[in-house]
């Protein structure tokens, strides 16, 4: 069929009309007239894309054919690019969108396309967006691409493009997004690349670019996101930030060969939220003016030669979540003001020259790996106690002291002595109680006030009476510990929540359990409590944290006992790990599947709605198996306490939008929370962080719509050889389905489980040959 352009079609109509006006018009001419009219006006589009009724121009048709000719299409996505091009603008050609007969969008990501991008793409003069990311494209970027006048977005990341970045791209005055990350590009960054006054996002990370950072990048008035990390850039970091670049929010320059002093002008970027200079050769000191960055969430300068003291003013940046100052030459003490940063969930000052005691709150919140490598630093672990005050020298001892003790000194000494005496009495009392309990057990069932084991109505084993006067009920066979053992165990606070306080209890034999002490004023009456908890105690599933026992004290106290999970919570595992700990895709998918299986069991077999599913309530065992915790605890609480839990979940970003009106959780609200956790695993971002004022699901949905896929996924996933593009993309689609604003359109947990099995069949979910690297043991946390 011969190619038909818009003008040719109109000319044909005019000629046929002339023929019809003649008295002897042939039947064939009339037939052709009706046929062309039907083709042009009455044939519906081939897809859901709206068609404006205009046929593609000849220049654009030829340009697309040239582009197709130089591409390798192993999966046949471009088979539709054939024939006359008549259907190119009506939705018949894959990945093509038009306006008035001209191509405005080419969108073909994740299609396994190879070959190269043709220089004739420059014929598409109306092109606004080119999205060919996550393919296998090689060759150089066409220079003609930068000469397209209305070009607004170029996404070519995750390919094999080589050569230099065309300087012509700096001529595109309407260019808003340029993402060429994760390719094989080399040579220098064109000095004029940021000349566009519309440029918002520039990502050139993970290439082999060399030379210095162009000054124009630090003076762009529109730029909000700049990523140049993982290249071979050298020279100093520019100290010209802030004169015009006041809108910059993200600045990533890590893993280069940049040198020179720390740029003080960085403090002028008052909108900055995230900056990373790690693994360069930066020296000098940190300015106290960093406190002007009031919106800063992440600061990473690890692996440099920065010296001097840590500024006390860093403690004024209340938004700070991630602070990494490790592997530098910092001296002095850690400012106590940093302890005031309530949002801080990652802190690392290891391998510096710091000295003095670690602030108590920091040593309790972060493990020893955050402080090691500082020989003069103390107080961050049992093995690094701070030295006591030195005893006076012999010369001073010979001098008589005539100083009288003040009243304050006498009170302090007396209080200390009294405290020591009380501690000794408590220890003696515990030993006596334990000894008496053991003697009672040795009598083999004699009547008396000792502990007596009895089967409960629900099949658990109860220890009633005893020296504690309380009641301990075990759900799994013989009692592993007595009430006295539990109450005398060494306890370490792990977290607090609406339900109560969680402790890690170390028993006398060295075994560990997690104990949650429920708040007394929010629990149901004892009879209702026992009825509900005896049901929960029978629930067993590989992906649910088992309730092992509970204790009812003589004064109304209620303790519930669970298995202790040494890996901690998923939230800690994902957001508070060290820089050398990587979580590969098979591990993340295994966690997602485990959560889905656990939630399915709760909904279908146990008939329980969780109501407060968060990554803090998903715990990990030694094998990094996901175990959902805190399920069913709402049944033990009053209605008012349940509402409080829902409100807390909403503040953390896991609450389904309809709960603001319903006030009662259901299976669809649980699936929404599961979807948020899946997004958390895919993006590496915490839902508790506000992302430009929107929650995590909204941010992801917007990014996907704008084709910013490279910014959605955790960078570790994009660089992981185990990652399958189709798998993470389909998992992202499923997660967005789970967090749909309309509850009726969300899947049930069973459907989620089924779809995950289709995305990654079970036989491929085992841990791959690339294991987790140096994953440290974390304290278990069930903060929610």
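Cβ atoms are placed via backbone N, Cα and C, with glycine included.
Quantities reported herein were computed from a predicted structural model and do not represent experimental measurements.
The domain 'Protein kinase' feature in Swiss-Prot is assigned to 488-773; the stated evidence is sequence analysis.
Taken from Swiss-Prot, the feature N-linked glycosylation site applies to 82 (among others). Annotation note: residue 82 (N-linked glycosylation site) sits in a coil segment as assigned by DSSP.
Around residue 203 (N-linked glycosylation site), taking its Cβ as the centre, 23 other Cβ atoms fall within 10 Å, counting all chains. In the three-state DSSP reading, residue 203 (N-linked glycosylation site) counts as strand. Taken from Swiss-Prot, the feature N-linked glycosylation site applies to 203 (among others).
Look at Swiss-Prot and you will find 232 (among others) tagged as N-linked glycosylation site. Non-local contacts of residue 232 (N-linked glycosylation site) by the CB criterion (under 8 A, 6+ apart in sequence, same chain) comprise 208, 209, 210, 256, 257.
Taken from Swiss-Prot, the feature N-linked glycosylation site covers 268 (among others). Under DSSP, residue 268 (N-linked glycosylation site) is assigned to a helix (H, G or I) in the three-state scheme.
According to Swiss-Prot, the feature N-linked glycosylation site maps to 316 (among others), an assignment based on sequence analysis. Secondary structure from DSSP puts residue 316 (N-linked glycosylation site) in a helix.
Just so you know, the Cβ of residue 348 (N-linked glycosylation site) picks up 21 other Cβ atoms within 10 Å once every protein chain is counted. Annotation source Swiss-Prot lists N-linked glycosylation site at 348 (among others).
Every protein chain considered, the tally of other Cβ atoms within 10 Å of the Cβ of residue 353 (N-linked glycosylation site) stands at 15. Annotation comment: Swiss-Prot describes 353 (among others) as N-linked glycosylation site, evidence class sequence analysis.
The feature N-linked glycosylation site is assigned by Swiss-Prot to 367 (among others), with sequence analysis given as support. In the three-state DSSP scheme, residue 367 (N-linked glycosylation site) is classed as coil.
Residues annotated as N-linked glycosylation site in Swiss-Prot, with sequence analysis given as evidence: 404 (among others).
As annotated by Swiss-Prot, repeat 'LRR 1' applies to 126-148. Residues of the same chain lying 6 or more positions beyond the ends of the repeat 'LRR 1' (126-148) and with a Cβ under 8 Å from any Cβ of it are 60, 71-72, 99-100, 102-120, 154-172, 179-180, 185, 707, 709-710, 725.
For 150-172, the entry in Swiss-Prot reads repeat 'LRR 2'. Across the repeat 'LRR 2' (150-172), DSSP assigns 5 helix, 3 strand, 15 coil.
Residues 133, 141, 149-167, 203-217, 219-223, 227-228, 233, 706, 708, 710, 718-719 of the same chain, all 6+ positions outside the repeat 'LRR 3' (174-197), place their C-beta atoms under 8 angstroms from a C-beta of that stretch. Here Swiss-Prot flags 174-197 as repeat 'LRR 3'.
Taken from Swiss-Prot, the feature repeat 'LRR 4' applies to 198-220. Counting only same-chain residues 6+ beyond the ends of the repeat 'LRR 4' (198-220), those with a CB under 8 A from a CB of the stretch are 152, 157, 165, 173-192, 226-238, 240-241, 243-245, 248, 252-253, 258, 708, 710-711, 719.
What Swiss-Prot lists as repeat 'LRR 5' is 222-242. Across the repeat 'LRR 5' (222-242), DSSP assigns 0 helix, 6 strand, 15 coil.
The annotation repeat 'LRR 6' is assigned in Swiss-Prot to 247-268.
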Residues in the repeat 'LRR 4' (198-220) grouped by DSSP into helix, strand and remaining coil: 5 helix, 4 strand, 14 coil
Which of 82, 268, 316, all glycosylation sites, has a Cβ with the fewest other Cβ atoms inside 10 Å: 82
Secondary structure content, the repeat 'LRR 3' (174-197) (per DSSP, counts of residues): 0 helix, 4 strand, 20 coil
Close approaches to the repeat 'LRR 7' (271-294) from elsewhere in its chain (Cβ under 8 angstroms; 6 or more beyond its ends): 229, 237, 246-262, 264, 300-314, 316-319, 324, 579
Cβ-Cβ under 8 Å with the transmembrane segment (410-430): same-chain residues at least 6 beyond its ends: 484, 488
Distance [Cα-Cα, Å, rounded] between residue 268 (N-linked glycosylation site) and residue 316 (N-linked glycosylation site): 16
Contacting positions for the repeat 'LRR 9' (319-342) when only residues 6+ beyond its ends and CB under 8 Å are counted: 273, 278, 294-313, 348-362, 373, 377, 579, 686, 689
